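Student: Structure in structure tokens, see below.
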Amino acid sequence: MQFHNTLTGQKEAFVPLDPNRVTMYVCGPTVYSFAHIGNYRPPVVFDTLARVLRRRYPSVVYARNITDIDDKINAAAAREGVDIGVITSRYAAAYHEDLASLGVAPTDAEPKVTEHIPQIISMIERLIGSGHAYAAEGHVLFHTLSFADYGRLSKRDEQSLMAGARVEVAPYKRHAGDFVLWKPSSDDQPGWASPWGRGRPGWHIECSAMSEAVLGDSIDIHGGGHDLIFPHHENEIAQSVCAHGGATYARYWLHNGFVNVNHEKMSKSLGNVLLVRDLLKTLPGEVIRLVLLTGHYRQPLDWTDEVASDARKKLDRLYGALRDLADVVPATGVTAPDAFVAALEDDLNTPMALAELFELVRSANKAQSVDDKARLKAQLLDAGALLGILQQDPIAWFSQQPAGSALSAEQIEQQLEARSAARKARQWAESDRIRDELAAQGVIIEDSAQGTRWRYA
RNA sequence: GGCUGCGUGGCAGAACGGUCAUGCAGAGGACUGCAAAUCCUCGUACGUCGGUUCGACUCCGGCCGCAGCCUCCA
């Protein structure tokens, strides 16, 4: 197995610290609103990676946090005049619903920041104790100059960090690059008692503290969006390494590319922010998942209507092969082909894995013997399971009624009965009339030796 | 300006120093009452200019173009 490691900028063989306990941490959402399609790329990508890892290693501990204390949450709560818990539980629930729709399996741990305040305070105290952090005016700051490796992940040196500081430097900072570990809360803001007064954690410390609490001092894989490399992950490294006496924090850093919409960056000002919530109104979650796996995770991904309809057609082809194997019992003990697994184990190359999957489909469609069919069906299902797709009944897949369709499955079946009668009597004109009528309403007919099937276009 | 990465056929999107990616769309054929589905065949794709090499889309360098990050962003 190998991964592209942001830390070194190279593809490296993956060697876990402890093969009997592989650990992975992925930065989760800040729950202050409904999440957009880009927010779901990391969970889908790393869910797929977790599936591949679990196949290879006996124990994988995968943690993805929920950030439930943050100034954007505070703002949302203030706007609605409710406690932040109302906001965070609402959007965390929505997040979980969407994840389920996208076929994302639950993680082994889902730490929340508000449940780890003591751990956060403890880590800050240790950082102060070792001279890597200092308290000033109710704040506690991490002193970046105290950590020689600062900037290594994002490949920034002191000069460029200084040059890039585009926010005015707070007077209590010793150095422009220093960042907040703890900040004071006013009476109307959420806060917790601490050695530095009532306050709340800064943005980066929570991941370091929760990763430590759930996975340990050193973890194998840390994932997240490309944009988190700096400052978030750079700061996590600084906090964790310094809190752990120099021990390596994460050994492999994996970052996914951004999702754009119609060739543009998603932004509120452009009004092109796509919520998964909304996409799910017209698209099966499986289609959305496949779109997110269509390109390599490190590359930018452009979301367009065409990409979505392509994914749907791909699933039609995949499920079509399974539908033809409906009466075949999958062979036992048969797993996804080596080439397919090898593609995923090579830096999670999902496009190549999909290519292998389609080769499998071609073989399945051509297979004659029962043995071949049984083997290919088992391989298809197992490969699909690794990608988190293809797990539903093919008939159910083709029977999903699109949002715009006026015809229910029952109505279609009725029409088909009439058509079958006409065909039996060799009344082709009547038969074709019914077919055209259905086609006009978005239903495609497929006659076969086993009878007539249909599907929504 | 600094850093990171990218430019592949109509669209999407991989690999690889010398053979087919794959999917969709398109063309022809088989099958079909006709279709659909499926199968077979096909289109001389690699931003640009040089270099290395027997041979480069693949390695190196310049140029052009694009994107992200540079302290609230997945």
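Glycine is no exception: its Cβ is also placed from the backbone N, Cα and C atoms.
For A:Cys27, A:Cys207, A:His232, A:Glu236, the entry in TrEMBL reads Zn(2+) binding site. Residues or ranges marked as motif ''HIGH' region' in TrEMBL: A:29-39. TrEMBL lists A:265-269 with the feature motif ''KMSKS' region'. Residues annotated as domain 'Cysteinyl-tRNA synthetase class Ia DALR' in TrEMBL: A:339-398.
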Student: What residues in the same chain, six or more past the boundaries of the motif ''HIGH' region' (A:29-39), come closer than 8 Å to it by Cβ-Cβ distance?
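Tutor: Distant Cβ neighbours of the motif ''HIGH' region' (A:29-39) are 66-68, 70, 72-73, 75-76, 87-88, 90-92, 94-95, 98, 225, 258-259, 261, 266, 273-277, 279, 288, 292, 303.
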Student: For the domain 'Cysteinyl-tRNA synthetase class Ia DALR' (A:339-398), what's the mean pLDDT in this predicted model?
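Tutor: Mean pLDDT for the domain 'Cysteinyl-tRNA synthetase class Ia DALR' (A:339-398): 96.
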Student: Hey, does DSSP put A:Cys27 (Zn(2+) binding site) in a helix, a strand, or just coil?
Tutor: coil
Student: Within 8 Å of the Cβ centroid of the Zn(2+) site residues A:Cys27, A:Cys207, A:His232, A:Glu236, which other residues of the same chain have their Cβ?
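Tutor: So the extra residues in range turn out to be A:His204, A:Glu206, A:Ser208, A:His222, A:Gly224, A:Leu228, A:His233, A:Asn235.
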Student: Of all the binding-site residues given, A:Cys27, A:Cys207, which has the fewest Cβ neighbours within 10 Å once its own Cβ is left out?
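Tutor: Least crowded of the binding-site residues A:Cys27, A:Cys207, by Cβ count within 10 Å, is A:Cys27.
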Student: Can you count the other CB atoms that lie within 10 A of the CB of A:Glu236 (Zn(2+) binding site)?
Tutor: 26
Student: Just to confirm: which same-chain residues, 6+ apart in sequence, have a Cβ under 8 Å from the Cβ of A:His232 (Zn(2+) binding site)?
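Tutor: Within the chain, A:His232 (Zn(2+) binding site) has Cβ neighbours under 8 Å at A:Cys27, A:Trp203, A:His204, A:Cys207, A:Gly224.
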Student: Give the residue counts of the domain 'Cysteinyl-tRNA synthetase class Ia DALR' (A:339-398) per reduced DSSP state, in the order helix, strand, coil.
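Tutor: Residue counts for the domain 'Cysteinyl-tRNA synthetase class Ia DALR' (A:339-398) by secondary structure: 47 helix, 1 strand, 12 coil.
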